[in-house]
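According to Swiss-Prot, the feature transmembrane segment maps to 4-24, 37-57, 158-178, 194-214. Per Swiss-Prot, Zn(2+) binding site is recorded for 143, 147, 219. Residues annotated as active site in Swiss-Prot, with sequence analysis given as evidence: 144.
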């Protein structure tokens with residue numbers, strides 16, 4: 001959950017900044033805001049650009065936002081075991097060794113991020129290390145390693161790039177239609193840019209349901225990947241451990257892996273992770 005929200009928040013901030021720059025470029029170049037191939041090309045250029053900037057700085061942002069400490073040299077037995085386990089799983093999954101980090105948090109949590117398989121990070125919270133046994137932590141690490149092996153962050157970036165493109169494009173097309181007939185027929189003026197910004201925020205929130213749907217699907221895949229690496233019983237045990245823990249209510253979601261209990265259909269649209277019950281059931285049905 002943490003890696004997805006961090007990516008989305010960073011991407012939204014960059015998109016808003018890019019939108020301002022884009023509006024200036026449109027005004028200077030004189031591109032018709034009412035719909036042209038040039039407009040779509042510019043939207044794609046800026047839309048994908050913002051998404052890839054988010055991806056490029058994702059590892060740095062994750063370390064900075066969580067205060068994580070990257071393990072360069074293990075300082076105790078726990079860190080040595082953690083580092084060695086990630087190293088073994090990386091070899092088994094066929095990916096380069098990622099950076100390993102630990103950050104202070106009572107919540108049992110873990111995430112993987114990075115711009116590519118060659119520049120990735122796996123981070124775990126102190127709460128996870130304290131609340132789970134070795135087999136369960138091993139399963140969680142394998143889950144995160146599967147995200148790296150599957151290239152989930154790059155795929156997420158491509159999806160976000162497409163969404164950014166159409167959010168920017170349709171925001172300007174609709175804003176032009178709204179302003180048509182007034183003094184801003186060519187999309188100029190502060191009123192037009194205000195409408196564009198508002199529409200981008202609204203469309204961005206609605207379009208995030210697509211990103212969240214993809215995120216839920218990749219969680220099932222990462223669970224399956226963990227089962228392949230360390231065995232499905234260990235992954236099931238890790239999910240059940242989270243299920244027994246205290247539910248965290250941050251934006252209606254749980255910081256680690258998913259949400260305890262069922263949510264409404266509308267709420268589920270904005271969930272980055274499936275409910276724990278569904279994930280456990282999927283693993284139990286897996287042969």
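Heads up, residue numbers simply count up from 1 along the chain you see.
Glycine residues also receive a Cβ, built from the backbone N, Cα and C atoms like all the rest.
Locations of recorded Swiss-Prot features on the structure.
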| residue | record | Cβ within 10 Å |
| --- | --- | --- |
| 143 | Zn(2+) binding site | 26 |
| 144 | active site | 25 |
| 147 | Zn(2+) binding site | 24 |
| 219 | Zn(2+) binding site | 25 |
Taking the centre of the Cβ atoms of 143, 147, 219 as the Zn(2+) site, the remaining residues of that chain with Cβ inside 8 Å are 112, 144, 146, 152, 218, 221, 222, 223, 225, 226
Roughly how many Å separate the Cα of the residue listed as 'active site' from that of residue 219 (Zn(2+) binding site), to the nearest whole number? 10
